[in-house]
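Notes for the one structure printed next.
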Amino acid sequence: MSTRETVLEINLAHLTHNYEYLKSKLNPGVKLLAVVKAAGYGSDAAVIAKHLERLNVDYFAVAYAPEGIALREAGIQKPILVFHPQTVNFLSLIKYRLEPSMYSMRVLKEFISIAESLDQDRYPVHLKFNTGLNRIGFSKDEVDQCISMLNNTNAIMVQSLFSHLAASEDHTEKKFTLKQINAFKRITDNFTDQLGYKPIVHQCNTSGILNYPEAHIDMVRTGIGLYGFGNEAIYDKELKPIASLKSIISQIHVLSAGETVGYNRAFTATAETRTATIPIGHADGIGRHYGHKKGFVMINHKKAYILGNVCMDMIMVDITEIECKEGDEVILFDSDVTAAFVAEHAGTISYELITGIAPRVKRVFVDK
Ligand SMILES: *Cc1c(COP(=O)(O)O)cnc(C)c1O
């Protein structure tokens, strides 16, 4: 069951534009991996992935195995890297031809033993190295141990070596990022020397693609570049936001001074005030912090601030200065008033806003 009046509109033409824009930043032969984790950053991973597969993207990545299984079940054929596989999912990873990231000796050992028990021959895996993010990944001191594990089995092969930059969007952290890039180069040189064949090597995420063109190596990974939230960090105006969250005005009230709005009477009118009620609330992904005029919606190109507390299913906004009527369109964010802008206004970031839009908000797709 999804609501009809409130929709998340996904613009596939903008996705195509972003894909081609990012491709234009790459040297010939550099592969592009599309990160479609977290339901395609809140959109719809299967629809997005199918669209990108038609555009001939090279690789996909998801965070967890069930996300990859869902893509296979939707018919996706291209290779899928799973960033953070969990040992309980190793059997189904192989069943669905998903390629796990190995980030510690523990997971490497367990995966080799499962691959061997299933008689796999050179099953592709990706080795993740930690160069400063300190989240997941092997350390540089584990290279020799990895190599000897690999030399002792034919069940797996190293499809790629990768690392993840901690602050590629932050120009004040350039020195740190270059240190990460150099550390990764030392690791991969050492590793490939000992391995005897050449895996794909990659480290750049979207802001890495844009800010460190010299560090693309064999492949780059992009999530936010494809979704273009109007990212606060990247500031690349060429990337077009693909998602718009839209609703309508359900009802209009005219309040006299002294009347209040919503639960706990959190807003009190000091003069005659016109309010509009919009059918979107906490259960749709609008957090507490958007209340009390921290958040706003756009009605007929004007900002209408959220009055009092956000309710479970609705918000009330101030339309005293806005000409509008019941049924008029309400925009929570779109390509002009971006999710990044709206989220920042309420003290959060676009990731939280976009990935939190609940399944009951219908996803609609346009390609224009
Ligand atoms: C999420 C993720 C990405 C994509 O990052 P963006 O900044 O969205 O481009 C790339 N690599 C890894 C390991 C990730 O977890």
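Any Cβ shown, glycine's included, is placed from N, Cα and C.
Look at TrEMBL and you will find Lys37 (among others) tagged as active site, proton acceptor. Under DSSP, Lys37 (active site, proton acceptor) is assigned to a helix (H, G or I) in the three-state scheme. Summarising the environment of Lys37 (active site, proton acceptor), the number of other Cβ atoms within 10 Å of its Cβ, over all protein chains shown, is 19.
Residues annotated as N6-(pyridoxal phosphate)lysine in TrEMBL: Lys37.
Around Met312 (substrate binding site), the same-chain residues at least 6 positions away in sequence with a Cβ under 8 Å from its Cβ are Gly281, His282, Ala283. Per TrEMBL, the feature substrate binding site maps to Arg135, Met312.
Residues or ranges marked as domain 'Alanine racemase C-terminal' in TrEMBL: 242-366. Residues belonging to the domain 'Alanine racemase C-terminal' (242-366) score a mean pLDDT of 97 in the model.
Taken from TrEMBL, the feature active site, proton acceptor covers Tyr263 (among others). All chains included, 12 other C-beta atoms sit within 10 angstroms of the C-beta of Tyr263 (active site, proton acceptor).
Over all protein chains present, the Cβ of Arg135 (substrate binding site) has 11 other Cβ atoms lying within 10 Å.
Lys37 (active site, proton acceptor) sits 36 Å from Tyr263 (active site, proton acceptor), taking the Cα positions as reference. With respect to their backbone Cα atoms, Tyr263 (active site, proton acceptor) and Arg135 (substrate binding site) stand 41 Å from each other. Annotation note: Tyr263 (active site, proton acceptor) sits in a helical segment as assigned by DSSP.
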